[in-house]
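Per Swiss-Prot, the features are:
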type	residues	note
BINDING	Y15, G42, K109, Y132, N187, N292, R388	substrate binding site
BINDING	Y72, S108, K109, Y132, N187, Y218, S246, F247, S248, R257, N292	pyridoxal 5'-phosphate binding site
MOD_RES	K249	N6-(pyridoxal phosphate)lysine
Amino acid sequence: MAKINDNYLKLKAGYLFPEIGRRVRAFAEANPSAKVIRLGIGDVTRPLAPAVLKAFHDAVDDLATTDKFAGYGPEQGYDWLINAIIDKSYKPLGVSLKTEEIFISDGSKCDCANILDIFAMDNVVAIGDPVYPVYNDTNVMIGRTGEADEKGYYKGIVYMPCNEANGFIPELPKEKVDIIYLCFPNNPTGTVASKAELKKWVDYANANDAVIFFDAAYEAFITDPSIPHSIYEIEGAKKCAIEFRSFSKTAGFTGVRCGLVVVPEEVMGTTADGERYSFNRLWLRRTTTKFNGASYPVQRAAAAVYSDEGWKQTKEVIDYYMENARIIREGLKEVGVTVFGGVDAPYIWLKTPGGMTSWDFFDKLLTECNVVGTPGSGFGPSGEGYFRLSAFGHRENVIEAVERIKKNLK
């Protein structure tokens, strides 16, 4: 008889966003005339930039000709895309990378999960709380943890509370850990880390022979010129950090799917025999075995993001979303809501009014305002009493949602 992976049974409930979807569908069925505005899951709403769309069309046309037809591409990604990323995303930051250190994928969510393939099971993992659920759940799924306690913490994971007192930036763990998840600009709190704050983590990782998984999916939304866009802006980070980036929010690729992982050759691990070994070599081996590469049209579209015209158009969309964030942030502050984020990130993290639980506030907004957000407790126990709103909606919907909330909370 085929046996299941029992680790999946440790997961306490359904993935956060499907549970939100279930509740919204139930409400919509019971209230068919209600106009529900969704400011929950971080899905984009603006169309692809014209330059990106043209590259997409041209690439599809290539597939209709014998001369330009593209079949299997390099598993690591086409050099013309990798070089564009190096030249336009990293060189301006003063970061030098080799083409062999960048891997094109079909999205950073998969990468954040798949990277665990090349790390031993007995590594000690440190995760922020609240946190993007994928970091936590994928470690549970592969069997790195025990059962969850009454708070929802899994045995075998070191949780680093992120709260108002520490500015939602985790403090260095007191115990030695081997893998550290960091996400800045942060999802869900919308906060950012300074170079000095990141330097503490890089120094810790190098001193403890640990590896940082740095999720930079929202770096394009940074407005403060003093805030680093990449972990590699920090001295010593190329020895200890793997960086994940995504085209999903930056360029509206949530339905297109493209991301990248940077694995510097200097990031080393230790074999069971105590030998040093490059994670870059392991990730290349894993990639060539389990992945056939992102599609040719998608990579052509991604490369167009880095053209002068493509980036100008992409930046206009980013600015559109950040104006949405300002509208949400300022509107909530007008009625006395305590808010965080929304300045260098497209997420607004708010304190639930009156000490309500996160899910009670979710139900209140849904039933009384017909507005959908994301309960903070869905991101971890330290998210209880908080709530996330996304700036990725249509402008008119964002304005209407904010007015509904303001009227309800006055």
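Glycine residues also receive a Cβ, built from the backbone N, Cα and C atoms like all the rest.
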Query raised in the report: C-alpha of S248 (pyridoxal 5'-phosphate binding site) to C-alpha of G42 (substrate binding site): distance in Å?
Result: 10
Query raised in the report: Around N187 (substrate binding site), which residues of its chain at least 6 apart sit with Cβ under 8 Å of its Cβ?
Result: G42, Y132, D215, A217, Y218, A345, Y347
**Report entry** From binding-site residues Y72, K109, N292, R388, the one whose Cα lies nearest the residue listed as 'N6-(pyridoxal phosphate)lysine'
**Finding:** K109
Query raised in the report: When the Cα of S246 (pyridoxal 5'-phosphate binding site) is compared with the Cα of each of the binding-site residues K109, N292, R388, which one is closest?
Result: K109
Query raised in the report: Including all protein chains displayed, how many Cβ atoms other than that of Y132 (substrate binding site) lie within 10 Å of its Cβ?
Result: 21
Report summary line: Per DSSP (three-state), N292 (substrate binding site) is coil
Query - Alpha-carbon spacing, Y72 (pyridoxal 5'-phosphate binding site) to N292 (substrate binding site), which is rounded to whole Å - result: 7
Query - Secondary structure at N187 (substrate binding site), reduced by DSSP to three states - result: coil
Query - Secondary-structure category, per DSSP, in which R388 (substrate binding site) falls - result: strand
